[in-house]
Amino acid sequence: MNPQYQYDIFVIGGGSGGLTVVDEAQRLGKRVGLADYIKPSPHGTQWGTGGTCPNVGCIPKKLMHMTALIGEIRHELTATGWQGVDPHSKNDWNILVNEVQRQVKGINKGNDDWLIATNGITYYNKLGKLKDDHTIELIDKDGQSEFVTAEYIVIAVGSRPSFPTDIPNVKQLTITSDDLFSLKKAPGKTLVVGASYVALECAGFLTGLGYDVTVMVRSILLRGFDQEMAERIGEFMKIHGTKFIRGTIPSSIEDVDGKRLVKWVLNGQEQSEVFDTVLLAIGRSADTQNLGLEQVGVQTNKESGKIIANDADSTSVPNIFAIGDCVQGRLELTPTAIMCGKRLIKRLYSNGNQIMEYSDVSTTVFTPLEYGCVGYSEEAAIQKFGKDNLKIFTSEFTPLFWNFANRKGTCYAKLIVKKDDDVVIGFHYLGPDAAEVTQGFGVVIKLKAKKSDLDNVVGIHPSVAEELVQMQTWK
Ligand code: FAD
Ligand code: NDP
């Protein structure tokens, strides 16, 4: 302990990464300070402790996704002989939002109780700003400041939705995922702008909840992901009612009697349509403005605002670290922010030497046809190893129950295998319970298993996962 400073370590931002740092450091008996403050969205939406994931990210998103999947079962119940089920029954948005928010508030309360009751943690519901390399200014909601000092500082301020700069009043005329999960009024007919994780997940569950949903895609679906899988997700969503407008972006958005008149240009022609809600999901920007980074000498990418940190999470100022979504080149996922925070504290205080590895991280896109993957996409594998050096195994299948209950669409899986050593370098699965199926294959890929190892596994029957250990057809 360095008596020169009030805190051994001070964390700015109490999301997935920041809270992990706080927890790990207090367990080791360190004096820990935390500033977490939620700046309201342009519509004034605010939330409690825990950061993006439990409040406006993973948790409310998954609950709404699951609700939409449950809705699908209405049709299947009828098809499989259940009596008295109305397959056309409607979802009540207000009940759903209240239940989602009840769950979120429960998580907030757990965090609040822990932050207050744990010895060694001092929590400030204040905006943190760097004053010098060991001093943080803490500003409360009324603009009052106090200053604290720390030996180490960790920046974990996350990211917030981006807005286009060329559409007048865009912040007032649109909502983002920051507003959606607590929206007081049902979104109604919705235009979702964007085509990645957030856009497709939200479009998927809103369609499943019964809303008329159109996705406006600037270029491709799910940039960075295996494109064959991405296109199959789009096809499945189309079959299940989501509409797509591809190859354009809104040129203007206007208020017309409380609705949104959206115009765009496609193939040289101006087109327009009126929506109840426009949900922007065009990416996220690091929440690093007004953090005092420049003044203290912490380098950022001028364009994205992301903090530049080395493999050991150190910024250009050696005692200031940065983790999670606000750092350049990191995967923007809760479990990566958590593991990164854990490893940082082990390295700082318990002789740890492991840095965070960002390769072979499993992830799942919770679209109506869920997509789990780990390792290389087909495009990335071909670029790195060359097409002739790969075997790409694929399998299209329909889960037993889907056939039984007349569900439309098919599932698909792909394994990417290096010819020279038979190692599986890419796993892709489109089907039910993708996150549950993919987590185990994350271990397979991490252990550098060979295709022949998978061929030696006896499948579980009847299941969808058995498809993945008996793939014999390669492209
Ligand atoms: P955050 O969790 O964003 O926390 C940052 C905190 O810092 C916030 O509380 C913020 O208010 C606070 N803050 C900012 N500036 C200051 C300041 N100056 N002073 C004090 N406090 C400040 N990931 C998954 O793994 N699975 C999913 O299914 C998933 N779904 C998602 C769905 C949506 C709609 C979104 C938007 C994201 C989703 N993510 C998902 C991504 C995941 O939520 C983020 O990667 C994760 O929350 C990042 O954690 P973090 O600690 O870097 O930042
Ligand atoms: P992304 O940065 O991944 O995608 C942005 C999307 O918006 C792209 O489709 C992009 O198109 C499009 N876009 C960008 N600018 C414009 C514009 N001006 N007009 C129209 N479209 C535009 O952002 P997301 O918000 O979807 O996700 C952020 C991160 O959050 C992800 O990287 C992910 O790590 C995390 N997340 C994780 C989830 C999970 O684990 N299930 C779920 C949700 C989020 P183009 O391809 O043309 O550039």
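Using the three backbone atoms N, Cα and C, a Cβ is placed for every residue, glycine included.
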Which of these, G110, G120, G268, G283, does TrEMBL say binds NAD(+) at the same site as G194, A195, S196, Y197, V198, A199, L200, E201? G283
Correct disulfide partner for C58 among C53, C202, by TrEMBL, is C53
Have a look around G128 (FAD binding site) and count the other CB atoms within 10 A of its CB, chains all included. 25
Counting Cβ neighbours within 10 Å across all chains shown, tell me which of the binding-site residues G194, G283 comes out on top. G194
10 Å Cβ neighbour count around H461 (active site, proton acceptor)? 8
Binding-site residues close to ligand 2 - of G128, G194, S196, V198, only those whose C-beta is under 6 Å away: G194, S196, V198
Residues of the domain 'Pyridine nucleotide-disulphide oxidoreductase dimerisation' (361-471) by DSSP state, where helix covers H, G and I: 39 helix, 33 strand, 39 coil
Under 6 Å from ligand 1 by Cβ, which recorded positions from C53, C58, V198, L200, G283? C53, C58, V198
